[in-house]
Amino acid sequence: MKWNFMMSHGHQQGRMAITLAALGVVYGDLGTSPLYALKESFAGHLGLQPTPEGILSIVSLFFWTIMIVVSFKYVLLVLRADDKGEGGILTLASLASRRLPAKPRALLMLLGLVGVGLFIGDAVITPAISVLSAVEGLQVITPELAPFVLPITLTVLVILFGAQHYGTAGIGRLFGPIMLLWFGVLAALGAYEIVQNPAILQAVNPLYALDFMVSRPGIAFITLGAVVLCVTGTEALYADMGHFGRGAIQLAWGSLVMPALLLNYFGQGALLLRNPAAIENPFYLLAPSWLAFPLLILATLATVIASQAVISGTYSVVRQAILLGYLPRQEIRHTSEHEIGQIYLPLVNWLLLGGIIIVIIWFQSSSNLAAAYGIAVTGTMALTTLLLMVVAARRWKWSRWLIALICAPLLLVDVTFFAANTTKFLAGGWLPILFALLAIIVMTTWKRGRELVLDKLEHKSLALKGFVDNMQAHPPLQVPGTAVFLSKSVQVVPHAMLHNLKHNKILHERVIFLTVQIKDEPWLSFKERIELTHLGEGFWQVVAHFGYKEVPSMEEIFQACAQEDLKVTMAKTSFFLSHENLVSTDLPGMARWREGLFVWMNRNSLKATDFFHIPANRVVELGVLLEL
């Protein structure tokens, strides 16, 4: 009995630790929305005044938006659509398109790519608006500090991005406790004000929201573009599911995050009922004056943590796109010996910081930035619902009636929010769309370019089986040792092999043709790692399989080979690779400008030797000229 109690107690402690960690990563963005969401719903250009009716209507919209979008759609439905525990829009697209014919599969993966592009557009806006809205609390403390808001915001973000290469393994342990304190403060400030003015609780009645939508449809439609700010960051619940698990994310939401957010929004509404002038900054004005500065510090820490979650999420999404073949190889550094998900991509880091600095200098304030916020978020939400409908039909075997009953209303909500945000396009909504469009162009160009290169390489090469038969019938001069030839195709001879024979006229006594393939599953077991084929005396073919969440490793490949009695020692093996020198031409395939972009990306991509961590002194690289 005592042992069972101890086991149960240990399990409870472990679950609480994971839930606390999830607070620091998953809910950072969503948890900092109270800094600006309600304030922006009454922004002057929307035409809505903080009258009692207006306040009750907006708070009612906030309540039901959170309940429908977060609690029902994401927490109860979307989190069920996992792929071996992993989530995220690319994962959802992969799950929806699995075992489909080529054309529908390509369409669903394109939806996933659009979602990735929108996520990247959102990733530029989120750190900017979050930290800026927190530091703007200085103006509440004293207006004289207003000129320091932008410099302090930029300094905080430069320090944050500059420290990324150290990783978050150490300081990350503080994220959970800080966010726990943050949500506790949100709840306490809101609850105190609700007690002072409990009339705000009437906003739970959906009739306030519905009456507002029906009686003032024009203003209500435009206002929805600001209301959606209360659910920005919701996609992180799904994207980070692989790190913390569905249970911890659901537990954190139901037990702490949802109550704290609702209490704070209702508290801000109660404050506005009592003092409409507090619309200037209802979040900070919830607190007594003596608490303003400590609250500013805590809010800044919370927004830094929210920004870190977005940065880490961007690294993860970009790595996934690289492995799936939608982006060129680039340097991926692991910042933790224990957590495979903690990575650092230098190029992504500095591009993201550059975009954020430009955005902050351009828009100057969180209110101006709010106009740019929303389109990317709602677009991603709508795409998630579309892909979820496919998963519900194909994987969960839902009937059309059930999908129409549950998913269609959710899609209507998403599309309505997206349409409302398009009204902000000229005021700044174009910015995340521009970033998303650039990301989509880059990803589709790289994917198409690699397909063209592979077609041309296969066309210019020889069939592998015929080549091996010919080498055995007419063997060239053999030298001792093992040679590994990296190949993009399992059907043809690698060009590095053909060039080696042409120029050196020798063949190693043991030749391994190695092809690395990324599967549309997040993780593969060790038993699924390789397919080993003995092609004939001295010739082997190894096809190594990795999931799109894994990092291809030569060491692991050769460990799997050893299990199949093919022992390879890295230090005694020569690796032969072909390097394509690409030339843009007028041949059919891609537009000339896309060919130019692809050639530039190919030239600046990380070499296979560096990506696969092959010792440089064991590599022979042979060039091949290809016309696109």
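Cβ coordinates are placed from backbone N, Cα and C, and glycine is handled just like the others.
The transmembrane segment annotation in Swiss-Prot covers 18-38 (among others). Residues 58-59, 62, 70, 126, 129-130, 133-134, 172, 174-180, 182-183, 186, 226-227, 229-234, 236-237, 240, 243-245, 248-249, 251-253, 255-257, 260-261, 264-265, 268-269, 272, 282-283, 299, 302-303, 305-310, 312, 366-367, 370 of the same chain lie 6 or more positions beyond the ends of the transmembrane segment (18-38) yet place their CB under 8 Å from a CB of it.
Only residues 6 or more beyond the boundaries of the transmembrane segment (58-78), in the same chain, are considered here, and those with a CB under 8 A from a CB of the stretch are 30, 37-38, 41-42, 48, 87, 92, 200, 203-206, 208-209, 212, 223-224, 227-228, 230-231, 234, 237-238, 249-250, 253-254, 258, 261-262, 265-266, 268-269, 381, 384-385, 388, 406, 410, 413. According to Swiss-Prot, the transmembrane segment annotation covers 58-78 (among others).
Within the chain, the transmembrane segment (106-126) has long-range Cβ neighbours (under 8 A, six or more residues past its boundaries) at 29, 89-90, 92-94, 96-97, 100, 232-233, 235, 239, 306-307, 310-311, 313-314, 317, 321, 326, 352, 355-356, 359, 369, 372-373, 376-377, 379-380, 383-384, 386-387, 390, 431-440, 443-444. Per Swiss-Prot, the feature transmembrane segment maps to 106-126 (among others).
Residues or ranges marked as transmembrane segment by Swiss-Prot: 141-161 (among others).
Residues or ranges marked as transmembrane segment by Swiss-Prot on the basis of sequence analysis: 175-195 (among others). Panel annotation: around the transmembrane segment (175-195), residues 20-25, 27-28, 31, 34, 168, 201, 256-257, 259-268, 270-271, 274, 286-287, 295, 298-299, 301-302, 305, 308 of the same chain, lying at least six beyond its termini, place a Cβ under 8 Å from a Cβ of the stretch.
According to Swiss-Prot, the transmembrane segment annotation covers 219-239 (among others), on the basis of sequence analysis.
Sequence annotations record features per position, and here Swiss-Prot assigns transmembrane segment to 253-273 (among others) based on sequence analysis. Long-range Cβ contacts of the transmembrane segment (253-273) within its own chain (Cβ-Cβ under 8 Å, at least 6 residues beyond either end) map to 19, 23, 27, 30-31, 33-34, 37-38, 50, 52, 55-56, 58-59, 62-63, 66, 70-71, 75, 180, 183-184, 186-187, 189-194, 196-201, 203, 230, 237, 279, 282-283, 285-286.
Marked as transmembrane segment by Swiss-Prot on the basis of sequence analysis: 285-305 (among others). Within its own chain, the transmembrane segment (285-305) is flanked in space by residues 24, 28, 31-32, 35, 127, 130-131, 133-135, 137-138, 140-141, 156, 160, 175, 178-179, 181-182, 185, 189-190, 192-193, 264, 267-268, 271, 275, 278, which lie at least six positions past its ends and keep a Cβ under 8 Å from the stretch.
Note on the transmembrane segment (343-363): residues 123-125, 127-128, 132, 150, 153-154, 157-158, 161, 164-165, 167, 311, 314-316, 318-319, 330-335, 369, 372, 428, 431, 435 of its chain, located 6 or more positions outside it, place their CB under 8 angstroms from a CB of the stretch. Summarising the annotation, Swiss-Prot assigns transmembrane segment to 343-363 (among others) and lists sequence analysis as the type of evidence.
Under the heading transmembrane segment, Swiss-Prot lists 371-391 (among others). Within its own chain, the transmembrane segment (371-391) is flanked in space by residues 69, 73, 77-78, 81, 89, 92-93, 95-97, 108, 111-112, 114-115, 118-119, 121-122, 125-126, 129, 225-226, 228-229, 231-232, 234-235, 238, 359, 363, 403, 407, 410-411, 414-415, 417-418, 420-422, 424-425, 427-433, 435-436, which lie at least six positions past its ends and keep a Cβ under 8 Å from the stretch.
For 401-421 (among others), the entry in Swiss-Prot reads transmembrane segment, with the evidence type sequence analysis. Proximity of distant same-chain residues to the transmembrane segment (401-421), defined by a Cβ-Cβ separation under 8 Å and at least 6 residues beyond the stretch ends, is recorded for 68-69, 72-73, 77, 221-225, 227-228, 374-375, 378-379, 381-382, 384-386, 388-389, 392-393, 429.
Annotation source Swiss-Prot lists transmembrane segment at 425-445 (among others), citing sequence analysis.
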